[in-house]
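Chemist: Encoded as structure tokens, here's the structure I'll be asking about.
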Amino acid sequence: MQPLTFIYDTATHIFDPLHYFWERDETQRSVAGILVIVFFLALGTIEMKRQGWITGPVADMIPTSHYMAINLAFTLVLILEVISLIFTLPCSISKAVGKQFEILALILLRSSFKTLAGFPEPITITGHEQELWIILSDGGGAIAIFGLLGVYTLLRQHLEDTVTKGQILFKFVAAKKIVALSMLTIFIGMAIKNGLLFLHGEQPFHFFQSFYTVLIFSDIMLVLIAQRFLPEFHAIFRNSGFALATLLIRLALTAPPFYNVLIGIGSASFACVLTLVYNTFYSSGSKYRGKMVGK
């Protein structure tokens, strides 16, 4: 057990300073400032290409639509949210799932602006009616998931991991920090690889979809870790259900327009119903729990 304790301690000593650095106000303000600068630089670069001031191989990598600057801004916001999600993994599984729904809502908004890039400037909907319906679908789906996220947040306030404080809780959280550090390493590696593909003129892979696939395996790992410390059936079922909700999110990201919204709303609704059922029958404050003990 001594080597395992050393691993837990090491993971905690690495994770906690990184988490503190990322969450502190100075870091968040600096990152927000960088986003504003990047947005204006993107607008300026696109305009310089449209004016013919940028030519050659570099120009081939620059879009001509100003709307792509909005897409870039939302992409950067998504990257920041994914990093925050990784740092949320050592918290309760239900909180991490809620963070994934936040990211799904942002991805749908980003998809709306990405579709907008196909419109002419000045903007007109003539000949782009199909794209308009996609924008409305993705935007409406984002609002629906945003609303369901509010319901889910209220419901999950009554959830608990029921792990007693002390050494057991430390090991439980430390094990999840190991998973989070692994995901952070994979995230950085995938980002570097995608950046190199772009710089070499090759087609980058779908970063967020690919990373969400990796998240599915991390969710299963978290379920298995939780089972070691929370062997009760209702806790296992709840955590496995949350893993299924994240799988539905992954399917929503790969589904065609309109279907992606339906699957996304379905996944958020599933998480809300699962949480409601757990709170009603299995939470510590449930009036039915005592009646089911020993049944």
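Cβ atoms here come from the backbone N, Cα and C positions, even for glycine.
Marked as transmembrane segment by TrEMBL: 30-46, 66-89, 132-155, 178-199, 205-224, 236-253, 259-282.
Show me how these features fit into the shown structure, please.
Modeler: Counting residues 6+ beyond its ends, the transmembrane segment (30-46) has Cβ neighbours under 8 Å at 54, 62-66, 68-70, 72-73, 76-77, 80 in the same chain.
Here the transmembrane segment (205-224) has long-range neighbours at 78, 82, 89, 93, 96, 100, 103, 107, 176, 179, 182-183, 186-187, 190-191, 194, 197, 236, 239-240, 242-243, 246-247, 249-250, 253-254, meaning same-chain residues at least 6 beyond its ends whose C-beta is under 8 angstroms from one of its own.
Beyond the transmembrane segment (236-253), the same-chain residues lying 6 or more positions past its ends with a Cβ under 8 Å from any Cβ of the stretch are 93-94, 97, 100-101, 104, 107, 159, 208-209, 212-213, 215-216, 219-220, 222-223, 226-227, 230, 260-261, 263-264, 266-268, 270-271, 274, 278, 282.
Away from its own ends, the transmembrane segment (259-282) comes close to residues 94, 97, 101, 104, 108, 111, 137-138, 140-141, 144-145, 148-149, 151-152, 155-156, 158-159, 234, 238, 241-242, 244-246, 248-249, 251-253, 288-289, 292 of its chain (Cβ-Cβ under 8 Å, at least six residues beyond either end).
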Chemist: I need to check the long-range neighbours of the transmembrane segment (66-89): which residues 6 or more away from its ends have a CB within less than 8 Å of a CB in the stretch?
Modeler: 18-19, 22-23, 31, 35, 38-39, 42-43, 46-47, 95-96, 99-100, 102-103, 106-107, 109-110, 113-114, 116-117, 119, 121, 176-177, 179-180, 183-184, 187, 191, 208, 211, 218, 222
